[in-house]
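**Q** The structure under discussion is supplied below as structure tokens; questions concerning it will follow.
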Amino acid sequence: MATSETPSGIAEVAVRRTGWWEPALKARETGLIVIILALFAVMSFISPYFLTVDNLRAMAMVFAIESIVVVGMTILLISGGIDLSVGSVTALAMVAAGWLFLNGVDPWVAAGLAICLTTLVGMAMGFLTTVIGLHHFIVSLGVMVIARGVCLLATGGRPLGLYSLPPEFKFIGQGALSGIPLVLIIFAMVVVCFDLLLRRTTAFRKVFYTGSNPKAAAYSGIRVGRVVFATTTLCSMLCGVAGVIYMARFGSAQPSFGVGMELNVIAAAVIGGASLSGGSGTILGAILGAILLSVVSSSLALLNVSVYWQDIIRGSILLTAVLFDHYLVKRRR
């Protein structure tokens, strides 16, 4: 029947369109590895502190927790969406869990409820974008402001000191197993899990089809709205996970935490090959992008570069990545 042939044909087109990116993505990942190794080599000569255990550990801890959010953002970008509220939603998880704990709730229950809250926030954003039809940019911008306002309102603008957090909870953000920080183990589990899901499962391949060509994906039987709803929700849920880990690491809930995080997270994903136009990207590439930004930030700090110049440099790196992405999109068309 014609109706059975058409969807399969469209699906084949979607596969070909997605497959076009794979050589470029592999080349970009290889290039990122070379750049990262080159930066390590250069900085080891320039600064004697760069390759110290303390500095490497600090870099790893910062990039590992933030990269959990990068994973969610990458999958969302591949589906054709974007989320500017990740920093505020991460802070919301910290504040919610901290506030509940200070009001007598068990820390593990508080952490679970905080993650549920951020998941609901993601579901609300998904509803507004897929059912109501609002643009991801506008919805996430509004949520960014609302979530930050809730954090400031709940805390009076002051950090919540969680001095009585039990040691077993702090272990999430501060402990180690066989000398390996637990944060890195959690990060590795998240990365491996979603990388395998994205590359090996049919359900997650629909994310690529949706971002590459929503109309073709819809004609082939993919429920595009559900895919975008799911990726939006997933991104916010992972923000909640990161927020809880940050709270355990710092032993406090800071309402101003995560300001500017969206820039780092989006930059890492785009540098790693996730297209702002959707349909392209890998978890490995995004993590390499996050490592690169972490190495650059650490290098600039060790070289005593002004924080203002650091912002300019990070912004320039993001702009360069976006321009390269734009070039690839034009070439594809």
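Yeah, the Cβs are placed from backbone N, Cα and C, and that goes for glycine too.
TrEMBL does not curate its annotations; it predicts them automatically.
From TrEMBL, here are the annotated features:
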TRANSMEM  32-52  transmembrane segment
TRANSMEM  58-77  transmembrane segment
TRANSMEM  108-130  transmembrane segment
TRANSMEM  137-156  transmembrane segment
TRANSMEM  176-198  transmembrane segment
TRANSMEM  227-248  transmembrane segment
TRANSMEM  254-276  transmembrane segment
TRANSMEM  283-306  transmembrane segment
TRANSMEM  312-329  transmembrane segment
**Q** Between the transmembrane segment (32-52) and the transmembrane segment (108-130), are there three or more C-beta pairs closer than 8 Å, counting only pairs 6 or more apart along the chain?
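**A** Per Cβ check, the transmembrane segment (32-52) does not touch the transmembrane segment (108-130).
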**Q** Are there three or more C-beta pairs under 8 angstroms joining the transmembrane segment (176-198) and the transmembrane segment (58-77), sequence spacing 6 or more?
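**A** As far as Cβ distances go (cut-off 8 Å, pairs 6 or more apart), the transmembrane segment (58-77) and the transmembrane segment (176-198) touch.
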**Q** Is the transmembrane segment (176-198) in contact with the transmembrane segment (108-130), using three or more Cβ pairs under 8 angstroms as the rule and ignoring pairs under 6 apart in sequence?
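**A** No; fewer than 3 Cβ pairs under 8 Å.
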**Q** Look over the recorded stretches 137-156, 176-198, 254-276 and say which has the most C-beta pairs under 8 A to the transmembrane segment (227-248).
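**A** It is 176-198 that shares the most Cβ pairs under 8 Å with the transmembrane segment (227-248).
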**Q** For the transmembrane segment (137-156), find every same-chain residue at least 6 residues outside the stretch whose CB is under 8 Å from a CB in it, and list them.
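**A** Those are 82-85, 87-89, 91-92, 94-96, 99, 121, 124-125, 128-129, 253, 255-256, 262, in sequence order.
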**Q** Please indicate, using numbers and ranges, the residues of the same chain that are 6 or more beyond the transmembrane segment (254-276) and have a C-beta under 8 Å from a C-beta there.
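**A** Here the qualifying positions are 21, 24-25, 28-29, 32, 66-67, 69-70, 73-74, 77-78, 82-88, 90-91, 94-95, 144, 148, 151-152, 154-155, 157-160, 211, 246, 282, 284-290, 292-293, 314-315, 317-318, 321-322, 325, 328-329.
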